[in-house]
Amino acid sequence: MGPEALSSLLLLLLVASGDADMKGHFDPAKCRYALGMQDRTIPDSDISASSSWSDSTAARHSRLESSDGDGAWCPAGSVFPKEEEYLQVDLQRLHLVALVGTQGRHAGGLGKEFSRSYRLRYSRDGRRWMGWKDRWGQEVISGNEDPEGVVLKDLGPPMVARLVRFYPRADRVMSVCLRVELYGCLWRDGLLSYTAPVGQTMYLSEAVYLNDSTYDGHTVGGLQYGGLGQLADGVVGLDDFRKSQELRVWPGYDYVGWSNHSFSSGYVEMEFEFDRLRAFQAMQVHCNNMHTLGARLPGGVECRFRRGPAMAWEGEPMRHNLGGNLGDPRARAVSVPLGGRVARFLQCRFLFAGPWLLFSEISFISDVVNNSSPALGGTFPPAPWWPPGPPPTNFSSLELEPRGQQPVAKAEGSPTAILIGCLVAIILLLLLIIALMLWRLHWRRLLSKAERRVLEEELTVHLSVPGDTILINNRPGPREPPPYQEPRPRGNPPHSAPCVPNGSALLLSNPAYRLLLATYARPPRGPGPPTPAWAKPTNTQAYSGDYMEPEKPGAPLLPPPPQNSVPHYAEADIVTLQGVTGGNTYAVPALPPGAVGDGPPRVDFPRSRLRFKEKLGEGQFGEVHLCEVDSPQDLVSLDFPLNVRKGHPLLVAVKILRPDATKNARNDFLKEVKIMSRLKDPNIIRLLGVCVQDDPLCMITDYMENGDLNQFLSAHQLEDKAAEGAPGDGQAAQGPTISYPMLLHVAAQIASGMRYLATLNFVHRDLATRNCLVGENFTIKIADFGMSRNLYAGDYYRVQGRAVLPIRWMAWECILMGKFTTASDVWAFGVTLWEVLMLCRAQPFGQLTDEQVIENAGEFFRDQGRQVYLSRPPACPQGLYELMLRCWSRESEQRPPFSQLHRFLAEDALNTV
């Protein structure tokens, strides 16, 4: 029997057994061999770095368990705060890297440098670099705790790479050194990337997210291209697609799926790019067939082939109709014979045979054509061509090269280790709860005996971060001391303020101010006095990007100070969760029962009319989706005018609460529904309806066709360039233009919407151009989900990695005192107006670091004339800039109300030109 006959027989056997297992599928658990740093298989010439402290700490000394030179690679520059120093390893060929090991500089006891955490970046072609992230989107990897020990970290998901860079991190200016090893195996299947439509969400009793969450390519217009993801990670899905082999992931994680209703063509088209010409024998696709929930095997597959990116598809496509036991609900691998066709690009169409197609892995059985020139060799190929059509897929069989070694054992994640870790965590949590209860009881006993003394002068400081919160309340004449108030030190008279030298010292002694600066290693400017005994940490209002409604009269938290003319706003309920569908911390206002229930009754929206377009943002317990509603005029429930032309869909934003949300999160979500139902203004997004009869809970609000104002303005040029240096000077008029009067019209609409919120005593707390939507004819509506979008993560300051605050838009009293009022919204409006006149070309205080912005808030508190203001935009007349400066007045009473701002922008602003 000749070789060709043997090959044909093998292919027939493979196709016949295709429904059982993935025969060509690799097991990532066995792909854990050391790749050559420690045993010097990787030569010194393939190890490089951004810099090194000296030749004795050069990159070649970064081998794990090696003591060459001074014992490790040490960068010349600081890794704090920019994190730009890196160590690079060139593997020369594509590898699947499943594990990394790190070590510090021990040098026989003379060294003490190591890196407590690091990031990874990798490349397959030397030009495009991707940052590695775990399955939950975290980039930072915990490193070493001492200079000698080796720490192994599993990479879940693994990465397919030729070049890998280690970026050490530090939380302060310090020396770091690193030794490393990579573990994995050669990536022999040759798949460089696959292109596919973005996976969708299936709504059953719970939401099943069938997206390719680890895809490392590009996503544009509902298409993923130029990367690899879950279809090539080696994880084969279970029979029940709602379950997963991975721990702590969402339902549907193992599968990427598409709904038949979203594809009028009746098929899903994918494209695969390989490193060189190959003769393809078969393709294996692991599919789900849980037909009781709508998942079906493909009805057939059609594949086309070509040898280069600019060439035409060759010959007739290979067609294969799938048979077998379609009634068996078990997941299976489907083998598609490819007849030995030679190509570097494949385009395959998978025909729908039911409501859903669900794939977990795609792999190919192929042989390299000997006369082909590799696309990845010692030198890098020309820039890859990314096809405009549907996605290529990556599924590979790996040939393991053990080099006489045994695979490295798993560093973490075994069931026994996880169980022990959980038990230890539970025990520690119980001990912590008991300790807190005893501590609280102890202080309550002390406070019950404390003198009820008060100050004549009020000082209130709130830092709006759950768990990192300061509350200092000193009110004249309270009937009883505030909760958890420490006894006043002896020697202070009961009705005299503590001896404070000046405002600067008072600020430096302010625990809230010190806490905001705690993440920086800069010493204080002066020795402030000891922290007063009455400065006691406690929890207060949590910050969110949503609206805050003041407490109704009748149950004030504390008596308002007599000298304060600004209406007193109640503290919000403490909600220790990172937002429901958006902001990292979310506060639901403390309202009497039924206080928000006086709006119109909520309207049940037909869930079936929503057609998903893209995900706008997400929070800990929910997401914000952009959807379309076809023929909205047919929905009688939408009883207010909708400016949608007949035959055109209506764009809506859908806030979705995940089924696994806590009870508190569900209550907060329903309370937000009630609050949103009260908002009826042409410049505020409106609640169109809700889906609360079953999970997932949804609220539907209107959305604007031109997206958010920040992106909209940044794509425009200023039409009138008479003002010297106006945004757009020196640039070719390539994009659309906008006039100065139209900018004023935009700002006037924002002021109008905020004027309406002020009449309800609502406080937005995150007013910015990213939270304004643009519709037809420059119609503006104020929204509230900008904080949930990763696009604007750089606009928010993280306090100890948890809460996020838009400090560049916040009034000084918000940053230092957590005091959010309509007057603080006026401050944010001034910054928003500055953004509008700058055409969103620059971030406010872009020349200042976050620390310096906080210090500038302190200068407003001290009021010694050293505070910094935003500069006048080039296109802004002096009269309008003076209005901005009034918005940034130190005293909140001196800031203009929104009614005055609206009147000026709508009627008088053009006269200031």
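Keep in mind that glycine also has a Cβ here, set from the backbone N, Cα and C atoms.
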Swiss-Prot annotation of motif 'PPxY motif' - which of the ranges 1-4, 481-484, 681-684 it falls on: 481-484
From Tyr255, Tyr520, Tyr569, Tyr756, the one Swiss-Prot labels phosphotyrosine: Tyr520
Residue from Asn211, Asn502 to which Swiss-Prot assigns N-linked glycosylation site: Asn211
Partner cysteine of Cys303 (disulphide bond, per Swiss-Prot) from Cys287, Cys348: Cys348
Neighbourhood of Leu616 (ATP binding site) by C-beta distance under 8 A, where only residues 6 or more apart in the same chain count: Val624, His625, Leu626, Ala653, Phe785, Ser788, Arg789
List of residues, in chain order, with Cβ under 8 A from that of Asn211 (Ca(2+) 1 binding site) and at least 6 apart: Val198, Gly199, Gln200, Thr201, Val256
Where Asp233 (Ca(2+) 2 binding site) sits in the secondary structure, as DSSP reduces it to three classes: coil
Binding-site residues near Tyr255 (Ca(2+) 1 binding site), in sequence order, restricted to Val235, Glu361, Glu618 and a 10 Å Cα cut-off: Val235, Glu361
Residue, out of the binding-site residues Tyr253, Tyr255, whose Cβ gathers the largest set of other Cβ atoms within 10 Å: Tyr255
Sorted by sequence, non-Asn211, Gln230, Tyr253, Tyr255 residues with Cβ within 8 Å of centre, Ca(2+) 1: Gly199, Tyr209, Leu210, Asp212, Ser213, Gly252, Asp254, Val256, Gly257, Ser360
Average pLDDT across the motif 'PPxY motif' (481-484), rounded to a whole number: 33
All-chain count of other Cβ atoms within 10 Å of Ser360 (Ca(2+) 2 binding site): 27
Between Ser360 (Ca(2+) 2 binding site) and Cys177 (disulfide bond), the C-alpha gap once rounded to whole angstrom: 40
Close recorded positions near Gln230 (Ca(2+) 1 binding site), where close means Cα within 10 Å, chosen from Cys31, Cys74, Cys303, Glu361, Asp766: Glu361
